[in-house]
């Protein structure tokens, strides 16, 4: 029934439908009313529809459909592929090597159980419950939005240099198609070097193997650079490899999580086959037990060194991907009722077990190299990322059919790197797409954004493939995942535990696990104790120790010691990431009204859209005694539902 002006008359079904639509919002696939009650819970009588004045129909907003994983195993394998990466076969062994071997395992496993696993569960739970990326998910506590911005900064730095490692693997993969391998003693160019036991670096008297010469001269060109201040020209073979790596990342990211979830069935399982082969081969080499003994024998005096604890913490965060935003983003595509506790235990156990056994593979090779050179294991090779590109290639050269195994190994490194970098890039893109939803709706704009992002990363990455690029690589690697990342995770832990509420957060986890087994509730007590006490205390202790000893510990790559201005740049890199927390906290407080205390209290209260998930459970409605914050204006037409909500809020406060 319409009047002559074409507007719907009062009491018509159109008006009732319009008002019903106006009083409800759709979020994460659930329909709830603006005052927090289910639309079907309090029906509006027809008589009240007739008595209302006419209201204009709402402008329909196109819904943005959010992707979901095709199955729980896709998410599980994607997380394992994200966590089990180059850090397991490259970074973990060289940190063990740099910090005295077996002693590094002690702080590593302490950090794993007290900080790694609890923070891993916290990130997965936040992402899955909020169904949002690392920035938007802080609707649960707007004061801490800077944590998401800081995660984005860390993820950007990691993506910047991580793909350089993939470029190195491309270079080695292409060189592996030569027979004999160019870093083996069978190559004609290495005949003099292998035949002369005193050859190599004559200035230091140190014997260099063909693998070390190939790495330093042919791949890096570091012998042509004097240090951080002398990057030199771009090495174009590496620049082309880096370009190919970013093109592959771009093509993988175009298809989204559904296609990548199928790829991980191969990329996440294939590396284990190659690692097992290398461990078996390494165990048969002469002198391998010497390397394994160095790996497992602790030097107790190193435990007093802050660098050991700093490296252990940063490796846990680096390997598990904590504080970078990738876990949050991948978990945001989960179904609401996924068992995050089970996934956390499976992923963290698999990741750290892989790191531990990868250490056996590389240290058995180091033991053999030490036996051949007649030197201690601790002096057999330079520390740094090149350890995996020196020790592993030398092992491959000793295998029968070395060309085949070399291709297989560097193909494995490529798969490991792609999985991890995809997770980091997903953290960046999800954060941006959540903040600008129109990009998610427009495929062309999304593709252009991704192309521009990859191209910018490539341009900045050219600095890292110059003659002195390894010095800049080491600097960014040392400080991007150091104290800044620890501060970000510390504030995340404190914010969820004390601002959002640890009891509320634990209940959110139980709400997601619909059929919670008895063991889940008991395990959650351990995590609760860690989040409130053990994890913040240990992170604060490490931060204090790091800052006290930071200027007393020199940063070096090989024999090159970084100047003070170089360390200052590294400190600025780490500080830029964690300062985002302070900057955006000030912004959040300035947006509120009232006294400073009132502003603070308002800034830590969850937004209305975050509380929607809490209200999905009928048993939880009674817990929300505070009126919720509103992100958009209500309709000016009061209904029976509005007065019912007010009565409920008043009764709850009483």
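Heads up, the Cβ atoms here are built off N, Cα and C, so glycines get one too.
Note that the structure is predicted; figures quoted are calculated from it, not measured.
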Listed range which TrEMBL flags as transmembrane segment, given the options 269-296, 605-632: 269-296
Per TrEMBL, the range holding transmembrane segment, considering 147-173, 201-227: 147-173
TrEMBL annotation of transmembrane segment - which of the ranges 46-63, 298-315, 316-333 it falls on: 316-333
Top partner of the transmembrane segment (448-473) among 147-173, 269-296, 345-371, 479-502 - counted as Cβ pairs under 8 Å: 147-173
Separation of alpha carbons, residue 185 (disulfide bond) and residue 351 (Na(+) binding site) (Å): 35
Whether the transmembrane segment (345-371) meets the transmembrane segment (568-590): three or more C-beta pairs under 8 angstroms: no
Cα proximity to residue 185 (disulfide bond), best match among binding-site residues 81, 84, 319, 416: 416
Which of 75-93, 236-257, 316-333, 568-590 contacts the transmembrane segment (269-296) most, counting Cβ pairs under 8 Å: 75-93
Long-range environment of the transmembrane segment (236-257) - Cβ separation under 8 angstroms, sequence gap at least 6: 67, 69, 74, 78, 163-164, 166-168, 170-171, 174, 219, 263, 330, 333, 418, 421-422, 425-426, 429, 447, 450-451, 454-455, 457-458, 461-462, 465
Residue pair residue 319 (Na(+) binding site), residue 194 (disulfide bond) - Cα distance, angstrom, rounded: 36
